[in-house]
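First the structure, in the form of structure tokens, and then the observations on it.
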Amino acid sequence: MARSPVEPPASQPAKRAAWLRAELERANYAYYVLDQPDLPDAEYDRLFVELQRIEAEHPDLVTPDSPTQRVGGEAASGFTPVVHDKPMLSLNNGFADEDVIAFDKRVADGLDKATDLAGTVTEPVEYACELKFDGLAISLRYENGRFVQASTRGDGTTGEDVTENIRTIRAIPLTLKGKRIPRMLDVRGEVLMFKRDFARLNERQRAAGQREFANPRNAAAGSLRQLDSKITASRPLSFFAYGIGVLDGADMPDTHSGLLDWYETLGLPVNRERAVVRGAAGLLAFFHSVGERRESLPYDIDGVVYKVNRRDEQDRLGFVSRAPRFALAHKFPAQEALTKLIAIDVQVGRTGAITPVARLEPVFVGGATVTNATLHNEDEVRRKDIRIGDTVIVRRAGDVIPEVVSAVLDRRPADAQEFVMPTECPECGSRIERLPDEAIARCTGGLFCPAQRKQALWHFAQRRALDIDGLGEKIIDQLVEQNLVRTPADLFNLGFSTLVALDRFAEKSARNLIDSLEKAKHTTLARFIYALGIRHVGESTAKDLAKHFGSLDPIMHAPIDALLEVNDVGPIVAESIHQFFAEEHNRTVIEQLRARGKVTWPEGPPAPRAPQGVLAGKTVVLTGTLPTLTREAAKEMLEAAGAKVAGSVSKKTDYVVAGADAGSKLAKAEELGIPVLDEAGMHTLLEGHAR
């Protein structure tokens, strides 16, 4: 279905309603039938609410096929239609705390609950609270305890038969257990994919050179609606039961929470993240508690669901045209939204990395107003075909940096401009270069670049570096912008009068910072190396360098071959270290830091060179009792010769040293053809006389 024609203004309600209906139907088709949603949930909800409002104000504009009158979606060709005995309705949505309070008030009024003179409910309603999964709703039919059919929701009245595909989902029992087995039971629930399974699936897709899925919901929907059930069987799908359709041959539980408890006794998977609460306060407490844990959950959710718990009260409240009055879906702030990309700038990172950044028309997404979003690198911009002027989908989840997911291509204006990576750094004018094997372009300005200077100073002061307490980003900004500090060495020249003159920097703060700088002068070699901000050199590598060389000068003058002898230093890291110390400006700054005792550390001798004998780098396993040596003594001798002593035999084992009563390790060595030595043979190797 093509996108709707030009969007009419709100001043033309008839045309606007027709456009909204067409746009929502097109989005429904993409979402339910094609499994290729192209409209963020927040944008769909906004359009849907607008159509509801227009139809409420102009009842004559309501049409029987309006999306407000049904759930959405049509049965796709290739699957047999299934008419639901009981419609699979959607739920009304709430987005703010006020919506939940209003819902509770409507329910209480509908149940004639007692209120005080101010209208506050004094007889709280009992609710069952659950998670709102971001998956695909289905109905499972069991007859006399045996699974016989599964269908998708479809348009709420008619879905698609996906029985064979559902049979492949291990979480769904093919036979119910327990004693209260009904003659017929329609179980309503959600097929979804856990985050870890989604990541593994995309790894397999990449390895096979196949298209990756955008998110777990798309992966679940696409997997479930395969015409070949073998493909579905290869996909890691899961299921949670949360509702009921038809029930025959057993008593309906009195409460919704009781229904879910009963489901568990039948062997159906039910999510444990649920609660029974009372009143609006209980609902909101559950919502905010789940919201705090949302990112740590093993699956995606987009909200929570509230249902009046007592079945008789549900029956009294009944339904409106497309949703039950007794339930509400309380949705989290949308994690994706549409907005316009105004410009693409570039930011310069601490190591000179150039990152394209999208400048956006302000949009509320993920609980915050977003005006900037990362584009990662030049290749990502090209791959996603993102252009200036595009309407784009922006995603912000939790504390993750907002990113541009994709461009909406059929909304692209004729004058949209492609992004061109600048050739000069916007901060210092230095040349920008990109190495052939790297995705990131970098400024070559080193510590001369103001952007890198700020970041380098911030890194230098971090707790795991020189630990300069009180030297935050805002102070660094002022010091650099006022040209008071150009390199880390300048920090130690700062005086009290200079610091108190800074904006919002009191005398006490100035004295504390001076004290911190004084303490930072006495550090360790490992911390100092880490503080320099050498690319690819983290805390662990800095410690290894300090341990291996013992002092700074040998590191600064070490050729690449010597650096490669350091534990866990490979060619890329060695080249990065070598290039850093080869740059004259970096050496000058280091000398300034060391001059006149500004920064000092205890130095030691270099670590003993690694043994180069026949056992160097070999893996040896000890087994049994040796004639004259304890196991520990033999291990020390082997390790001193450069060998690694392992606890089990594998194909990577080079030698097995066996004594009396050697067991399964000896048998495994003989099976794999690994050389087996006695104690005398071990001594021969230790002496360097390989046989």
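Each residue, glycine too, has its Cβ placed from N, Cα and C.
Keep in mind it's a predicted model, so treat the numbers as computed, not measured.
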Residue among Lys15, Lys230, Lys331, Lys340 sharing the NAD(+) site, where Swiss-Prot lists Asp41, Ala42, Glu43, Tyr44, Asp45, Ser90, Leu91, Glu130, Arg153, Glu190, Lys307 as binders: Lys331
Packing count at Arg153 (NAD(+) binding site) (other Cβ atoms within 10 Å of its Cβ): 23
Cα-Cα distance maximum in Å, computed over every pair in Asp41, Ala42, Glu43, Tyr44, Asp45, Ser90, Leu91, Glu130, Arg153, Glu190, Lys307, Lys331 that the record assigns to NAD(+): 26
For the domain 'BRCT' (610-691), mean pLDDT (0 to 100): 84
Residue counts (helix, strand, coil, in that order) that DSSP gives for the domain 'BRCT' (610-691): 27 helix, 16 strand, 39 coil
C-alpha spacing of Glu43 (NAD(+) binding site) relative to Cys425 (Zn(2+) binding site), in angstrom: 37
Candidate nearest Cys443 (Zn(2+) binding site) in space, where candidates are the recorded positions Glu43, Asp45, Lys132, Arg153, Lys307 and distance is Cα-Cα: Glu43
Cα proximity to Lys307 (NAD(+) binding site), best match among recorded positions Lys132, Cys428, Cys449: Lys132
